[in-house]
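These notes concern the structure reproduced below.
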Amino acid sequence: MLKDILRKTTQSDLYRYENIVKKINDLERVMKPLTNEELRAKTLGFRKSIEDGQSIDNILPEAFGLVREASLRILGLRHYDVQLIGGCILHDSKIAEMKTGEGKTLVAILPAYLNALSGKSVHIVTVNEYLAKRDSLSVGRVLSFLGLSVGLILADMNREERQENYKCDVIYTTNSELGFDYLRDNLVGNPSEKVQNGFEFAIIDEVDSVLIDEARTPLIISRSLETLNNIYLTAKNVAQAFEINTHYEIDKRNRNVYLNESGSKLAEKLLGVSSIYKFETGTYILNAIKAKEFYTKDKDYLVMRNQITIVDEFTGRILKGRRWGDGLHQAIEAKEGVTVGSETMTMASITYQNFFLFYKKLSGMTGTALTEAKEFKKIYNLSVDCVPINKKVNRIDKEDVVYKSLYAKWKAVLYESLSIHEQGRPLLIGTSNVKNSEIVSGLLKEYNIKHSLLNAKPENAANESEIIAQAGRKGSVTIATNMAGRGTDILLGGNPDFLTKGELRYIFRSIVLSLDDMTVPKNELINNLKYKYVISEKNRLDVEELIDKLKSAYTVPEKNRIGVEELIENIDESFQPVDKFEILIQKLYEKTKERYVRECLAEKEEVIQLGGLHIIGTEKHDSRRIDNQLRGRAGRQGDPGSSKFFLSFEDRLIEIFTTGGLKNMIKELDLEDDQPVEGKIVSLSIESAQKRIEDKNYQVRKQLFNYDNVLNLQRKVIYDERDRFLSLTDFKGLILQYLEKLVDDVVAEMERSENQEDKSRGIVLFCKKFICLPYSIDPELLSNLSKEEIKIFLNDQVKISYELKEIELESLRVGLSQSLEYAFLLQSIDQVWKEQLTRMELLKESIGWRAYGQRDPLLEYQKEAYRIFAIQTRKIRHSASHLIMCSTSFA
């Protein structure tokens, strides 16, 4: 049903988009004769039209046509009709599903240009910094050529650099930088320290990775707390003494641990305590067991430089700076014997689900979105449209084969690899984690098969783009962990641009090394280069000239070295050299690339004849999307290719999630260990298991979204109030308002006491201790006053006291009262919000128990959250009032 609805919706929209594309194509003859200056002038004309009230939808055909022409002139790349359709989908605030190799990067600049014309910034969001930097320096030049400013936000930028880049028309950055900048902006002490300028339109590349896969992991800014590290080591020792099913049970599906009575008694005996729960030791022990049972080195994390580094299960990359919460990270540190880090207190947090909903307009691109169409619509109100492919997919996806044991599976993977390699076909082997990638690498080494290994380990990840770019060469073998967000196409025959830049870098670095020893003959260097790269005689003179030039020009080697490395990274046919040295580099680039283009085209034809790129999958992922991303690397742009998955009944997904019927069938067949099972029944059973996991994960994300929505409403109230503090120039009115509400709260609290004397004494104590009145009040004065009279009396006293406070502070230094009030207001709201985040986390963890009382946990959470928040907002007023009134003594 859902597929039919999606198909009909996509089809009706497709007719509309095709009509727009026809208009764009008709305008091409108008754009062609225009000079570069005339093309740029169009941008000013569009902006004027928008200022005069014209809708950007009306100028879409002409704007897209302009970008297409500029792209052809600057990059030598002309948008296909299907790419124009992709641009229309993005402009309509939808998700464009585009297959691998269909040019998503080029598509994004179409709606980015159009929407930036209105003067509001467009954020193009990528999953890693390499892609953000690459795209801003490549396709970003088209936008710059047309007169738009292009910004780039990277992790190592300071505040001033961020502020400058966020002012640009189009900004390339990562999802994590956007989220953390938002959180940091809401912790600043001065509005001038903020870096972001609002959320207008975001185009998210690999949108499924950001909005689906990372939805469960909140962005958190925290500060360290003092930690008793020995408690984690003690818990680890206790966990090691336990045996599974004797002292505890585990739930593999949900990664939960249950300590039974035997385990509790043993723990209490080992620790010498009466109850592990009474002393909160139970939580530490449960985490230690989770670390032992569910978290595996080189799969879930790496040990690097005495630290635990998390590996992203979806992309295979390390997550720098991320830590598991609730003491789990410390438990894993204790397990691995590295330094146990401090526990942290959350200062600010947000999920991507709620962060990206800030944008007035949101869209995204990916090769795999339809499987999650329901979630995109439900959570983000984003429809998914499939972009027609430019050329028919020519890939053969073979049936999955399943072996009884892991040993038999790896043996089959090896034999398949040897067979494909003997044919000369390029081979890409996908693995689910670092550990498995190294198993395959070890097997290939045994047979002396040269290969490239790409996983989360820094020594392997450093040359990621080059490894992927050359994975389509004849006879190449590449092992890679999950392929999501790799961002580089695999071109059959090799990528001439990467090969050219690789050769230039090698030449340059070799020359730099030779500068330390000026006696190294040029011929020896040239011969070394010939060994590494095929340096033609045509290039020989250029290389010799470059050696002489470098040896004479190096006055500040380190600075020049960095500059030349960046020059090589960014150079292309449209590069404009500014001196003789750059002219030489440009000349060398053009000649070298010309050679590689010829070689790669010739090699591509050979690889096509052999059958193209072959994909081997070594395990099915929980999500079908990740499997499809791996498959999608073969068969791009009409090229031939094939894929095949090799599985085992000992694989996690099959072992835990497939039905008993499949396992019983295998037992009845009584197969040999190396005899595989294949066919529709097996594939359907595995796919059914994946669908169940996907649905379960969707329910988890949906629940997280529902719970985080409650916190998000509170976050909005707090951040709006904080922004109000930042924008005020005079705090007197606000402080008096806070003091009046404080009096109301105190009087209401005292009214609960039935004893008049207790009421009077309580109010006097409040005046003395909480608001630090500089004089005493006689309780007898209050004994005969009504509630309203007490309020009037106290408000008068508080106001007089506040006025005296201001006079005293101003006498010490002009402006001191304003400075202190500003600081105390921010201190109060920040401290209370930190406490609230901790309270809400504890509430979320405990609220599930209410289900046993036949109550809806979410509804209970909403009620309790509202009650706690009401108390905390009062606490902001009380805390700020107390700090301001008691900042110095009147004595």
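Note: Cβ is positioned from N, Cα and C throughout, glycine not excepted.
As given in Swiss-Prot:
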BINDING   Gln83, Gly101, Glu102, Gly103, Lys104, Thr105, Asp489  ATP binding site
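What surrounds the ATP site, by Cβ distance within 8 Å of the Cβ centroid and not counting Gln83, Gly101, Glu102, Gly103, Lys104, Thr105, Asp489, is the set Met98, Thr100, Leu106, Val107 from the same chain. Looking at Gln83, Thr105, the binding-site residues in this record, the fewest other C-beta atoms within 10 angstroms of the C-beta turn up around Thr105.
Annotation for the binding-site residues Glu102, Asp489: lowest Cβ count within 10 Å of the residue's own Cβ, Asp489.
Look at the binding-site residues Gly101, Gly103 and count other Cβ atoms within 10 Å of each Cβ; Gly103 has the fewest. The DSSP secondary structure for Glu102 (ATP binding site) is coil.
Following the DSSP three-state reduction, the secondary structure of Asp489 (ATP binding site) is coil. Neighbour density for Lys104 (ATP binding site): within 10 A of its CB lie 24 other CB atoms from the protein chains shown.
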